[in-house]
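Copied from TrEMBL, the annotated features are:
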| type | residues | note |
| --- | --- | --- |
| DOMAIN | 8-318 | domain 'FAD/NAD(P)-binding' |
| DISULFID | Cys44-Cys49 | disulfide bond |
| BINDING | Lys53, Asp304 | FAD binding site |
| BINDING | Gly179, Gly180, Gly181, Ser182, Ile183, Gly184, Cys185, Glu186, Glu202, Gly265 | NAD(+) binding site |
| DOMAIN | 340-446 | domain 'Pyridine nucleotide-disulphide oxidoreductase dimerisation' |
Amino acid sequence: MGEKRQVDVVVVGLGVGGEEVAGRLAEAGLAVVGVENTLVGGECPYWGCVPTKMMVRAGLALAEARRIPGLAGSATVTPDWAPVAKRIRDAATDDWNDKVAVDRLVSKGASFVRGTARIVGPGQIKVGEDTYAATRGLVIATGTKAVIPPVPGLAGTPMWTNREAIEADTLPSSLLILGGGSIGCELAQVFARFGVQVTIVEGGERLMALEEPESSQVAAEALTADGVRVRTGVRASEVAYGTEFSLKLTDDTVLTGEKLLVATGRTARLGDLGVDTVGLDPSARWLSTDARMRVQDGVWAVGDVTGNGAFTHMSMYEADIAVRDILGQGGPDADYRARPRVTFIDPEIGAVGMTAVQARGAGIDVVESHVPLSSTSRGYIHGPGNEGFIKLVADRQRGVLVGATTAGPSGGEMLGAMSVAVHAEVPVRTLLSTIWAYPTFHRGFGDALKGLGFDR
Ligand SMILES: Cc1cc2nc3c(=O)[nH]c(=O)nc-3n(C[C@H](O)[C@H](O)[C@H](O)COP(=O)(O)OP(=O)(O)OC[C@H]3O[C@@H](n4cnc5c(N)ncnc54)[C@H](O)[C@@H]3O)c2cc1C
Ligand SMILES: NC(=O)c1ccc[n+]([C@@H]2O[C@H](COP(=O)([O-])OP(=O)(O)OC[C@H]3O[C@@H](n4cnc5c(N)ncnc54)[C@H](O)[C@@H]3O)[C@@H](O)[C@H]2O)c1
């Protein structure tokens, strides 16, 4: 016979979003139960952002060392995966142990339950035999899992998703990657830099298909320069696995590789959560919410599960809105106009707001400008590794930026100023009169802004 407990709020899923909600509501004095079936912190610290960015950092160090000839002398570069794997195991994930995170949450006053939560009716959540009645509400923060495409022969093979790729202590000699989005591109470049023969198979016509075409081009060139074979516009039609993977493509070519990484997108973890007991569709790809993160009365959702952009910063952003709503604190509604994202390849590709095509699709009278980084002072000074560009998308009528892409050695860092410009709708005239320090990469904004052709 299980325990029955009445609390104010139950938070299901304690990734970055759920942990933030549970911790803040507990600190505010509410009785909160947080339920997590894997690791508190979720995908980002254990199988996502943090370990992948450690990998990227290591790959970048190799690439920079390889740029020494012609710039600063000579260098012999011998890649070794062991320190990367060790750093991920010891420093990033504590050997995939969440004790520190659990203690952090409990120290804020939340109750922590390890297990799989199932909704069994309005405000009623079961974990094992125990039942929790959430009088103020339920917060769903169950994140996403990798989509495995229905390619004949794929199911049941020892394919990698991001999790196995990140846990790898040793690298394969060859790797096939299905999907040329953020995960595919970042991991392809890292592994190639460590000597793995990598091939990406992207079903769409270009890598990073949701971003500007120039981003796709820069990504394809950078990956190719690192030795990655990039195949676009083809899909896997059949998979076979014996001692290695064999991938038959829709153009009848066959690729082989020691490992196969599936990186074809993510879908919300909703299937067996019991959302049907509160009238929601368990087969939906995402849980949609209003601008206060409410799914329905007494149910909020935050983070990847909402489909508003599967990024840690979006999860934290939505968590903040849900917390304020639950506590009756008011504050701004969710606003996705200036959603930033950065793909951490070299060059880093940052983007905020709309692409030019999206802006036109939204009926905006678009004016755009594009500046190659190599034509800017800092790009020229930087020399090898200066690939990249700045692209601005403006609304001619309103005189404000609605989108920007910043690709280059610090593409993600450069994005900051453009995020402010798009979010705060800073007039292009004001941006044109801004002083940009010389010779920074971001000084290229001055050139790109002039290219929009607005009067001062
Ligand atoms: C390889 C990779 C690299 C990434 N890199 C970046 C990056 O550089 N920058 C960035 O911003 N984002 C990045 N992301 C995305 C980022 O990891 C996610 O946006 C973030 O983890 C979302 O947090 P979340 O709390 O919404 O979901 P999650 O982190 O997925 O957490 C949800 C939690 O809910 C738990 N759960 C699910 N169902 C139940 C249940 N029924 N009962 C109990 N617990 C349950 C899960 O176990 C999980 O721990 C990356 C993702 C991947 C895969
Ligand atoms: N730097 C970052 O912030 C970062 C890094 C990694 C992941 N992420 C997050 O994780 C999410 C998931 O990443 P992802 O790379 O898996 O997804 P994605 O949506 O970014 O890219 C998936 C790609 O796979 C392709 N595809 C789909 N089915 C295919 C098939 N059968 N064969 C070949 N190609 C196919 C799609 O056309 C698409 O280009 C991202 O959207 C992002 O939100 C963020």
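The backbone N, Cα and C atoms fix where each Cβ goes, glycine too.
Note that the coordinates shown come from a computational prediction; the quantities given were computed from them, not determined experimentally.
Feature map: TrEMBL annotations on the structure.
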{"residue": "Cys44", "record": "disulfide bond", "CB count, 10 Å": "21"}
{"residue": "Cys49", "record": "disulfide bond", "CB count, 10 Å": "17"}
{"residue": "Lys53", "record": "FAD binding site", "CB count, 10 Å": "14"}
{"residue": "Gly179", "record": "NAD(+) binding site", "CB count, 10 Å": "23"}
{"residue": "Gly181", "record": "NAD(+) binding site", "CB count, 10 Å": "20"}
{"residue": "Ile183", "record": "NAD(+) binding site", "CB count, 10 Å": "23"}
{"residue": "Cys185", "record": "NAD(+) binding site", "CB count, 10 Å": "28"}
{"residue": "Glu202", "record": "NAD(+) binding site", "CB count, 10 Å": "26"}
{"residue": "Asp304", "record": "FAD binding site", "CB count, 10 Å": "32"}
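Note: the Cα of Cys49 (disulfide bond) and the Cα of Ile183 (NAD(+) binding site) are spaced 10 Å from each other. If you compare every pair of Cα atoms in Gly179, Gly180, Gly181, Ser182, Ile183, Gly184, Cys185, Glu186, Glu202, Gly265, the residues listed for NAD(+), the longest distance is 14 angstrom. Cα separation, Cys185 (NAD(+) binding site) to Cys44 (disulfide bond), rounded: 17 Å. Helix, strand and coil counts under DSSP for the domain 'Pyridine nucleotide-disulphide oxidoreductase dimerisation' (340-446) come to 37 helix, 34 strand, 36 coil. Taking the C-alpha atom of Lys53 (FAD binding site) as reference, the shortest distance to any of the recorded positions Cys44, Gly179, Gly181, Glu202 belongs to Cys44. DSSP classifies Gly179 (NAD(+) binding site) as coil under the three-state reduction. In this structure, the recorded positions that sit close to ligand 2, with a C-beta under 6 angstroms from any of its atoms, are Gly181, chosen from Cys44, Lys53, Gly181, Asp304. Using the Cβ center of Gly179, Gly180, Gly181, Ser182, Ile183, Gly184, Cys185, Glu186, Glu202, Gly265 for NAD(+), the list of other same-chain residues with Cβ within 8 Å runs, in sequence order, Ile177, Ala188, Ile200, Leu207, Met208, Ala263, Thr264. Between the C-alpha atoms of Ile183 (NAD(+) binding site) and Cys44 (disulfide bond), the distance comes to 13 Å. Under 6 Å, Cβ to nearest atom of ligand 1: this is the test, and of the recorded positions Cys49, Gly179, Ile183, Cys185, Glu202, Asp304 it is passed by Cys49, Ile183, Asp304.
Mean predicted confidence for the domain 'Pyridine nucleotide-disulphide oxidoreductase dimerisation' (340-446): the pLDDT average there is 98.
Cys44 (disulfide bond) sits 11 Å from Asp304 (FAD binding site), taking the Cα positions as reference.
Cα of Asp304 (FAD binding site) to Cα of Glu202 (NAD(+) binding site): a span of 23 Å. Taken residue by residue with DSSP, Cys185 (NAD(+) binding site) is part of a helix.
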